[in-house]
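*Asks:* Mind having a look at this structure? Questions to follow.
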Amino acid sequence: MKIRSQVGMVLNLDKCIGCHTCSVTCKNVWTSREGVEYAWFNNVETKPGQGFPTDWENQEKYKGGWIRKINGKLQPRMGNRAMLLGKIFANPHLPGIDDYYEPFDFDYQNLHTAPEGSKSQPIARPRSLITGERMAKIEKGPNWEDDLGGEFDKLAKDKNFDNIQKAMYSQFENTFMMYLPRLCEHCLNPACVATCPSGAIYKREEDGIVLIDQDKCRGWRMCITGCPYKKIYFNWKSGKSEKCIFCYPRIEAGQPTVCSETCVGRIRYLGVLLYDADAIERAASTENEKDLYQRQLDVFLDPNDPKVIEQAIKDGIPLSVIEAAQQSPVYKMAMEWKLALPLHPEYRTLPMVWYVPPLSPIQSAADAGELGSNGILPDVESLRIPVQYLANLLTAGDTKPILRALKRMLAMRHYKRAETVDGKVDTRALEEVGLTEAQAQEMYRYLAIANYEDRFVVPSSHRELAREAFPEKNGCGFTFGDGCHGSDTKFNLFNSRRIDAIDVTSKTEPHP
């Protein structure tokens, strides 16, 4: 057993209001520069819908994630090394700019320079940020399907409608929607790492954050196809790939990510999980896709177990990280209460950004008296959002974990409503779903109140264990350019503008 730690995230979809604050703040901090105008490290999608980029969940089209071969071994869906090499100069599974959107701005200067007395109202026409040319029509945007914007024929192409009679949901009275904030999953078994020909992508040992080395990246873009969540973007200015960095400078300082800090709905939770690195391959190679969720749970370790603590210390896990894992809200939601579920575990990447399924539209329908009940709780299988749809999204089609999570949330609400409104303690609903009163009270505190100190339990990094970064900063500078690879050629395979790098190598004493 080899114990490692990972900073994970849980998003409570039951409270997401779709305000896009997380997307805007992330955009302003990380991708408000030339070359990545179209890139959104964090975006909020409305489901049902095809998402951003279009149809990103269709792995028959994009070939992302892993597949299990007949011999039980894993292989990138793109193919083996020889197949990857054969596609290196022409990747047919790469999303194009039209699958995202052509970034644009408006000719606001035209409003200022329009002559007085003009017979027509001056307008600010859209202009492409890539070509600089005027655009006749804006065809798409990052939230083009926001709030079910668009006809149902396009929304019905959502892959999560598989095995569902989706025709009935085209009728107004059966319409449903939910918000799905998405960011890089920082997987335990990342396919992007395996498909990068340059070996530029790596997973940090201390916190599990997946990063791209901008010095090593050569812009092959195989990682974009390899990532099943399509959360890696190509910077056409620098010729490099970029992705969500989980705000690691903030994480190292013990602070939450920008998207978590600015979330007005308090839906995001950050915490440490301890896991067995030796069990990753066995879990990801599980034959039945519906068992992948449980196999990933088996990878996580109990931070309160004395044997786990002893082994973690031997494996170099600091005590502060172990203590943070014992108070982790992510561990409580994923392991103890089993409310949080992984996004598309069938991709076999073992994602580490999990989601609590939405309950609000279901509960409102139950309050209206339109639904039957199953014992104390409403019959969740007959409620507004199809359980099978949520299962296709979060548990590879297995409805049992979805039903358990929804019933436990309903039971907690039933218990607290009886306590606060009726002034009595009614534990029948809790007993029905296997919860204690103490667990229900704690769930209420974390889900409803969601205090800052409960949502974010992030240990600061141990800088005494890190190598001094000043020589690297002095020699190269922390830039998004070509880095210090020492190239002096002007040839560019992808016909994009490159930033000339200055070859400066710092001389430092060897680290003891």
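Counting starts with 1 at the first residue shown.
Placement of Cβ uses the backbone N, Cα and C atoms for every residue, glycine included.
Residues or ranges marked as domain '4Fe-4S ferredoxin-type 1' by Swiss-Prot on the basis of sequence analysis: 7-35. Taken from Swiss-Prot, the feature [4Fe-4S] cluster 1 binding site applies to CYS16, CYS19, CYS22, CYS263. The annotation [4Fe-4S] cluster 2 binding site is assigned in Swiss-Prot to CYS26, CYS244, CYS247, CYS259 on the grounds of similarity to another entry. What Swiss-Prot records for 175-206 is domain '4Fe-4S ferredoxin-type 2', and it gives sequence analysis as the kind of evidence. Summarising the annotation, Swiss-Prot assigns [4Fe-4S] cluster 3 binding site to CYS184, CYS187, CYS192, CYS227. As annotated by Swiss-Prot, [3Fe-4S] cluster binding site applies to CYS196, CYS217, CYS223, with the evidence given as similarity to another entry. The annotation domain '4Fe-4S ferredoxin-type 3' is assigned in Swiss-Prot to 208-237 on the grounds of sequence analysis.
For each listed feature, how buried is it and what is near it?
*Replies:* For the domain '4Fe-4S ferredoxin-type 1' (7-35), the model's pLDDT averages out at 95.
Mapped onto three states, the DSSP output places CYS263 ([4Fe-4S] cluster 1 binding site) in coil.
The 10 Å shell around the Cβ of CYS259 ([4Fe-4S] cluster 2 binding site) contains 25 further Cβ atoms across the protein chains shown.
Counting residues per DSSP class in helix, strand and coil order gives 5 helix, 8 strand, 19 coil for the domain '4Fe-4S ferredoxin-type 2' (175-206).
For CYS192 ([4Fe-4S] cluster 3 binding site), the Cβ neighbour count at a 10 Å cut-off comes to 29, with all displayed protein chains included.
Of all Cβ atoms in the shown protein chains, 25 besides its own fall within 10 Å of the Cβ of CYS217 ([3Fe-4S] cluster binding site). Annotation note: CYS217 ([3Fe-4S] cluster binding site) sits in a coil segment as assigned by DSSP.
Sequence-distant contacts of the domain '4Fe-4S ferredoxin-type 3' (208-237) (same chain, six or more residues past either end, CB-CB distance under 8 Å): 4-8, 31, 34-36, 38-39, 41, 53, 56, 59, 62-65, 76-78, 84, 87-88, 91, 93-95, 130, 182-188, 190-202, 243-246, 248, 251, 343-344, 347, 349, 351-352, 476, 479-485, 493-494, 496-499.
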*Asks:* Please identify which of CYS26, CYS184, CYS244 has the densest Cβ environment, defined as other Cβ atoms within 10 Å, among these binding-site residues.
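*Replies:* Ranked by Cβ atoms within 10 Å, first place goes to CYS244.
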*Asks:* Once the chains shown are all counted, how many other Cβ atoms turn up within 10 Å of the Cβ of CYS196 ([3Fe-4S] cluster binding site)?
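*Replies:* A 10 Å sphere around the Cβ of CYS196 ([3Fe-4S] cluster binding site) contains 25 other Cβ atoms.
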*Asks:* Taking only the binding-site residues CYS19, CYS22, CYS217, CYS223, which one has a CA atom nearest to the CA atom of CYS187 ([4Fe-4S] cluster 3 binding site)?
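*Replies:* The answer is CYS223.
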*Asks:* Please report the number of other Cβ atoms within 10 Å of the Cβ of CYS19 ([4Fe-4S] cluster 1 binding site).
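*Replies:* That number is 13.
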*Asks:* Using CYS196 ([3Fe-4S] cluster binding site) as the reference point, find which of the binding-site residues CYS16, CYS244, CYS247 has the shortest Cα-to-Cα distance to it.
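*Replies:* Nearest listed residue in space: CYS244.
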*Asks:* I need the CA-to-CA distance for CYS263 ([4Fe-4S] cluster 1 binding site) versus CYS244 ([4Fe-4S] cluster 2 binding site), whole Å please.
*Replies:* 17
